[in-house]
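So the structure is just underneath, and the comments pick up after that.
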Amino acid sequence: MAKILVLYYSMYGHIETMAHAVAEGAKKVDGAEVIIKRVPETMPPEIFAKAGGKTQNAPVATPQELADYDAIIFGTPTRFGNMSGQMRTFLDQTGGLWASGALYGKLGGVFSSTGTGGGQEQTITSTWTTLAHHGMVIVPIGYSAQELFDVSQVRGGTPYGATTIAGGDGSRQPSQEELSIARYQGEYVAGLAVKLNG
């Protein structure tokens with residue numbers, strides 16, 4: 001049995017929705033045990049509420065538990081072409097895992113959201129840097145998801161990982177095509193994890 005963690009941060013719910021789609025895809029794979037968790041919120045509760053943050057029910061992960069999984073698929077909104085501060089704060093607490101090599105050889109993937117489409121690929125590839133320092137095996141999705149060839153509408157999705165475009169005011173929700181790419185990413189990473197660890 002390969003253990004897959006879908007670990008995310010979401011303020012307004014876009015990445016939370018994508019995380020559930022990633023997990024749904026991963027659960028299609030026989031021999032994959034899939035868990036969804038989120039990183040802790042670092043914003044004071046009153047500021048989070050005032051900013052319109054969405055309450056989420058996923059359990060909160062601890063940095064130490066990352067060593068328990070065979071594959072981790074990270075989801076983060078874009079903040080100036082980088083991962084969110086909450087995800088960065090969480091990953092900055094993994095120094096002990098780095099020192100012991102606890103994540104070496106584990107599979108890692110990334111999905112993201114952007115307000116206007118700017119920075120989604122940069123967010124994924126800049127997150128890969130942290131995964132590389134941990135010795136994780138980075139798993140992009142390439143162009144194997146057919147939805148990536150559809151140019152009939154505005155949509156996220158890259159060969160690096162699933163993405164969604166939330167719009168400048170956050171009103172646009174992930175489209176069916178974006179969710180399909182997210183499900184594909186989950187299934188693809190979980191399938192590799194089962195082949196390697198199952």
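We count from 1, first residue shown onward.
Cβ atoms here come from the backbone N, Cα and C positions, even for glycine.
The model shown is predicted, which means the values in this text are computed figures rather than measured ones.
Now, the feature entries from Swiss-Prot:
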DOMAIN    4-189  domain 'Flavodoxin-like'
BINDING   10-15, 78-80, 113-118, H133  FMN binding site
BINDING   Y12  NAD(+) binding site
BINDING   W98  substrate binding site
Tell me, if you would, which residue among S10, T78, T114, T116 (binding-site residues) has the fewest other CB atoms within 10 Å in the structure shown? T116
Give me the long-range Cβ neighbours of Y12 (FMN binding site): same chain, 6+ apart, Cβ under 8 Å, in sequence order. G52, G53, K54, P77, A166, G170
Under a three-state reduction of DSSP output, how is G118 (FMN binding site) classified: helix, strand, or coil? coil
Using Cβ-Cβ distances, find the residues under 8 Å from F80 (FMN binding site) that belong to the same chain and are at least 6 apart in sequence, listing them in sequence order. G119
Return the residues near G118 (FMN binding site), defined as same-chain residues 6+ apart in sequence whose C-beta is under 8 angstroms from its C-beta, sorted by sequence, else 'none'. T78, G81
Tell me, by DSSP, whether S10 (FMN binding site) is helix, strand or coil? coil
Over the domain 'Flavodoxin-like' (4-189), what is the model's average pLDDT? 94
Out of H14, W98, which has the highest number of nearby Cβ atoms, where nearby means within 10 Å of its Cβ, if these are the binding-site residues? H14
